[in-house]
Structure formats: C-alpha cells, structure tokens
Amino acid sequence: MNTANSKQLEVLLRAVPEAAVIGTLAREIGQLTLDSRQAGPGSLFVALRGTQTDGHRYIQTAVELGARTILCEELPALTRPDVTYVQVLDSARALGLLASAFYDHPSHHLKLVGVTGTNGKTSTATLLFQLFRGLGYRCGLLSTVQNQIEDEVIPTTHTTPDAVTLNQLLAEMRQRGCTHVFMEVSSHAVVQQRITGLTFAGGIFTNISHDHLDFHKTFDHYIAAKKGFFDQLPPQAFALANIDDRRGSVMVQNTRARVETYSLQTMATFRGKMLSETFQGMHMQINNQEVWFRLIGRFNAYNLLGVYGAAILLGEAPEEVLTELSGLGSPPGRFELVPATGLVGIVDYAHTPDALLNVLETIVHLREGNEQIITVVGCGGNRDAEKRPRMAAIACRHSDRVVLTSDNPRHEDPQLILDQMLQGVPPLDFKKVTVLPDRREAIARALELAEPHDIILIAGKGHETYQEIKGVKYDFDDREVLREAFEHRERFLKKDQSH
Ligand SMILES: CC(=O)N[C@H]1[C@@H](OP(=O)(O)OP(=O)(O)OC[C@H]2O[C@@H](n3ccc(=O)[nH]c3=O)[C@H](O)[C@@H]2O)O[C@H](CO)[C@@H](O)[C@@H]1O[C@H](C)C(=O)N[C@@H](C)C(=O)N[C@H](CCC(=O)O)C(=O)O
Ligand SMILES: Nc1ncnc2c1ncn2[C@@H]1O[C@H](COP(=O)(O)OP(=O)(O)OP(=O)(O)O)[C@@H](O)[C@H]1O
Ligand SMILES: N[C@H](CCC[C@H](N)C(=O)O)C(=O)O
Ligand SMILES: [Mg+2]
C-alpha cells in the first residue's frame, strides 16, 4: 500500500499530551505496531492489554527485533538506555490518537459515516457505499464482508480493523481521492478504542439485540459500548437513530451531535411505510414519496430508511437518492437468492436470534400457499453461547422442517454446540428437527426433505467462504454448496423421470 510514512516522535506525541517520556524524543518513527511480531527498526511498539494476553509481556521481543520506542502503561522492570519509553494511562486510547496523527488525520479530510447496531451494519454501510458511488462520488467501505476503495476489494478479517490498519486504509482512501467513507463500528471496536481519534461526519444506530455477551458479559455493557460511539461524535456530526428500537433514544441521549431519527411506526425525521412486497422487491413510502426497491423484508425497509436519512443529512437531493437506491440489490450473503427450478433457495447471514427471526418472518410473510419452510442453521463456536437455544427455538417456531448443523465450530466440539441448541427445541417440535453436524450433509438433507415450491433457508454464514474448524479454515461457501445440491437434485429427478 502506498502510504509509506515517517514521523518525528516529538511531533507524533503532540497527539498524546498526557504521555510521560523516558529517553530521547529525537526518533524517526517509520511504523506503528501493536504486535511485537511485526516490530522492526523504526517501529513504535504499543503494548496493549488484550483478552488473551498482555502486550507488555512482549516489549522485550519488540526491542530484540529492533524497535527503539515503546508505548506502555507500565514500564518494564529493566529499562534500556537506548530505548525511549512513552508511558500513558491508557495504551489503547493513545494508539487511536497516534494512529490518526501518524497518517495525517485522514478522517478529518473525509466524510466518514459509522454504522453501529447488532444487525444491519454491513447492509447499511454497503448500501451507502453503492449509493454514493452511484451519485458520482469516489468512496471507501470498511465492512465485515470486505474493505473496498472504489473498485478495489481488500480482504478483511474484522468488522472494524485495529486503529493502525483503520487509519492506514483511510489514508489510502484519501490519497486515492475518496470523499466519502462508510464503515461498520462494532461494539468490540468501541470498547477497544479502535475508533478513538477519528472524526466522524455522522453515526447511524440500526438496532440492538442479543449478541456478543461472551465479550461484553452483560447486556448493559453491550448497550454502553454501542452508546460510546455516539458519545464521542463531534457537534458538527449527525447522530441518526432508529427510534422504533427500544434503545434508540438512549443511544443518542448524551451525544453532542445533531440528533435525527427514522421510523416505520411513528413520527420521525425520516418516516417510512411498507406498502407491499414479493420475493422480487418491495414497494415503500418514504417521507411521502412512493418507491420500488429490489430489497425485501421489514429489516431492509429499516436499512433503506437509515441509508436515505444519512444521504439527506450529507446534503444529497431526495429525488436523486431514491432513484439511485431503487436500483440497488442486496449485499453478498444478505437474503441472497440461489436460483433453482421449482424451489426457493435463500442464503442469509442471520447469526443472531433477532436476525434469524426477521428473516424467517419475512419468508413466512412472503409464502403464498402451503409451501414448507426448511431451515438449516447452526451457531458459531467460541462465541456467545446464550444465543444457541434461542436460535433453535426461533427456527422451530417459524419453519416446517429444521436441520440443525455446525456454523464455524472454531475450537468447540460441534456436538456440544448442537446439544445446547437442542435445549431450545420445544418438546412438540422435535419431530421436525434433524441434527447433522456436517454442514454439507445438512444442506443435502434439506433438499431431500423438500417438495416442489418449498423454501430453503441456509442461515448463519452468508458471504463467508470458509468453515473454521479447530483453527483451520476449510473452503466452504453456503451459496456454492446449495447450488451444487440443487444441481444434484435436478439430475436425480431427471433420472427418476426417465425410468
Ligand atoms: C476479542 C477481540 O476482539 N480480540 C481482538 C483483540 O485481541 P486481544 O485483545 O485478544 O489481544 P491478545 O491476543 O490478548 O493480545 C494482546 C496484545 O498483545 C499483542 N501480542 C500478542 C502476542 C505476541 O506474541 N505479541 C504481541 O505483541 C497483541 O498484538 C495484542 O495487541 O485485538 C486484536 C488486534 O486488534 C484483534 O485481532 C482481536 O480480534 C480477534 C481475532 C477476534 O476474533 N475479534 C472478534 C471477536 C472481533 O473483533 N469482532 C468484532 C465484531 C464482529 C461483529 O460485527 O459481529 C469485529 O470488529 O470484527
Ligand atoms: N436492520 C436489520 N435489523 C435486523 N436484522 C437485520 C437488519 N439488516 C439485516 N439483518 C439480518 O441480519 C443479518 C446480518 O446483517 P448485516 O450483515 O447487515 O449485519 P451486521 O450488523 O453487519 O452483522 P455483523 O455484526 O456480523 O457484522 C442479515 O443477514 C439479515 O438476516
Ligand atoms: N462477526 C460475528 C460473525 C459470526 C458469524 C457466524 N458465522 C459465526 O462464525 O459465529 C462474530 O464474530 O461473532
Ligand atoms: Mg457486519
């Protein structure tokens, strides 16, 4: 990436006035790193306290690899005269501030909009990116699926990258002439201060429901994390909240930004109404204008309203925005239809109880006759376990047949995850449930159960192209696997007919 940079330590530290320095300030910093394994001559290594280990334990390693500037909360027992130590109260905060300064504060020069909420971040940010490109702007996107600078796709491992990667990407976007950047702000990113030091033009709150309690421990902490994003918005920014969500007004109650709202139920700055929908699209009214969209589902009506509102708050003309929005399709793996003869196949990233409920309610609503709804779903390992029985219960309540399977088991035993899911199956529903830990077999089984016109939902992995089992990522794409299973079924049916 062509954002090679170097800065005098003395200049950089103006971003962190509270720092105490031991050693010389006359150092040229060529790289910021939070991982000792990436340190080298010219590096400033930032020791962060993490969830698995403490970066302070790797100061020595960073120095051995050539780093001569260390930022930490606690000085090592033995300090070296040839190393500069910068001591702060909060390394994560300092890293955010330094990363912005190191890359010349790229966010100050961009219209940066952050989207937070349990569900709908990727959808909202991606739609905004596509919309603004359609309106003629050069744009950047930071999302779970991928990062993108105009047409160039940059793979990502996180929803919100760490502060260094984030500012580096923003700097690259700025250098390439982008004026607008749309990014997802995960709750982890707020708590770990990955976004500290950024200047946002606006923030959007989609909704909040059950997720990530493995990390945040309580729902109140999770709400506080999301709210933290709005608390740090500047007065010039907008804070756009979905007020149909119970927590919508709490989110923006302490923000200094200008508060605006969107709703499908009540008075709001941006008011929408769903008029009708089919599997091909939906008809909506937005602030008294009627529009046809290619996206479907009540949850997408919310996403479209949030996108519309943000575009207007960024100064765009309503007519142009609606015309452009009306032509946009779903982001990858979000209610993605997989074509099949005589059946409906849907791959969706619903991996929380709320998302699964929304998707299934949409499908139930769109069902025309007595087609069966067959749901294949699992829950990820090493993540929030409380959602497991809830997701199984929701799948049972709104489907005719359910195949429980593995998502990304990570380091957990797939059978134990499934046992926890089974706890949520009501006794009378056991007859509709099949358990098959192998996801490919589970998808095949769903098709064996299917009769003409049935609707098959494969939930939880959406755009993911791998399945992570015991630290290894195996190629696996629900859309591909479903497509192959459809082809197999068609061959089988043809053979059957010819006999
Ligand atoms: C739980 C969590 O968020 N973890 C993130 C966190 O790691 P951590 O706090 O566990 O770090 P750690 O492993 O304890 O290490 C502490 C420090 O020591 C350093 N270290 C460690 C070892 C060593 O040899 N040398 C060294 O310097 C590490 O680089 C780190 O700075 O900081 C790391 C660097 O930024 C992230 O890569 C890591 O993401 C892990 C891989 C992860 O899985 N995160 C997920 C849960 C996540 O962040 N998800 C959110 C939300 C997803 C959603 O939208 O639903 C996201 O934004 O992606
Ligand atoms: N506004 C919404 N409200 C509720 N559910 C939604 C909404 N938008 C999308 N969904 C559902 O949630 C799933 C995830 O959507 P999306 O990827 O946009 O959310 P996200 O917030 O980015 O998730 P993640 O935290 O995993 O990055 C979708 O596949 C869909 O099932
Ligand atoms: N960003 C979410 C994605 C979950 C996707 C699901 N397929 C899983 O692996 O659990 C997380 O890391 O919790
Ligand atoms: Mg996302």
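For all residues, glycine too, the Cβ spot is worked out from N, Cα and C.
Quantities reported herein were computed from a predicted structural model and do not represent experimental measurements.
Summarising the annotation, TrEMBL assigns domain 'Mur ligase N-terminal catalytic' to 29-103.
According to TrEMBL, the domain 'Mur ligase central' annotation covers 115-310.
Sequence annotations record features per position, and here TrEMBL assigns ATP binding site to Gly117, Thr118, Asn119, Gly120, Lys121, Thr122, Ser123. Using a 10 Å Cβ-Cβ cutoff, Asn119 (ATP binding site) registers 24 neighbours.
Over all protein chains present, the Cβ of Lys226 (N6-carboxylysine) has 24 other Cβ atoms lying within 10 Å. DSSP assigns Lys226 (N6-carboxylysine) to a helical segment in the three-state reduction. Here TrEMBL flags Lys226 as N6-carboxylysine.
On the 0 to 100 pLDDT scale, the model's mean across the domain 'Mur ligase C-terminal' (333-462) is 96. Sequence annotations record features per position, and here TrEMBL assigns domain 'Mur ligase C-terminal' to 333-462.
The meso-2,6-diaminopimelate binding site annotation in TrEMBL covers Arg383, Asp407, Asn408, Pro409, Arg410, Gly460, Glu464. Counted within 10 Å of its Cβ, the other Cβ atoms near Glu464 (meso-2,6-diaminopimelate binding site) come to 22, all protein chains included. When secondary structure is read from DSSP and collapsed to three states, Glu464 (meso-2,6-diaminopimelate binding site) falls in the coil class.
Outside the motif 'Meso-diaminopimelate recognition motif' (407-410), and at least 6 residues removed from its termini, the chain residues within Cβ reach (under 8 Å) are 351, 377-383, 417, 439, 460-461, 464, 466-471. Residues annotated as motif 'Meso-diaminopimelate recognition motif' in TrEMBL: 407-410.
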Legend entry - Secondary-structure category, per DSSP, in which Ser123 (ATP binding site) falls: helix
Inset, instruction - Filter the recorded positions Lys226, Arg383, Glu464 down to those whose C-alpha lies within 10 angstroms of the C-alpha of Thr118 (ATP binding site); answer none if the list is empty. - result: Lys226
Legend entry - Sparsest-packed among the binding-site residues, when each Cβ's other Cβ atoms within 10 Å are tallied, from Thr118, Thr122, Asn408: Thr118
Inset, instruction - Provide, as an integer number of angstrom, the distance between the C-alpha atoms of Thr122 (ATP binding site) and Arg410 (meso-2,6-diaminopimelate binding site). - result: 23
Legend entry - Pairwise Cα distance for Asp407 (meso-2,6-diaminopimelate binding site)/Asn119 (ATP binding site) [Å, integer]: 18
Inset, instruction - Based on Cα distances to Gly120 (ATP binding site), point out the closest of the binding-site residues Arg383, Asn408, Pro409, Gly460, Glu464. - result: Gly460
Inset, instruction - Quick one: of Lys121, Arg383, Arg410, which of the binding-site residues has the smallest count of other CB atoms within 10 A? - result: Arg410
Inset, instruction - Measure from the Cβ of Asp407 (meso-2,6-diaminopimelate binding site) and count the other Cβ atoms within 10 Å, all protein chains considered. - result: 23
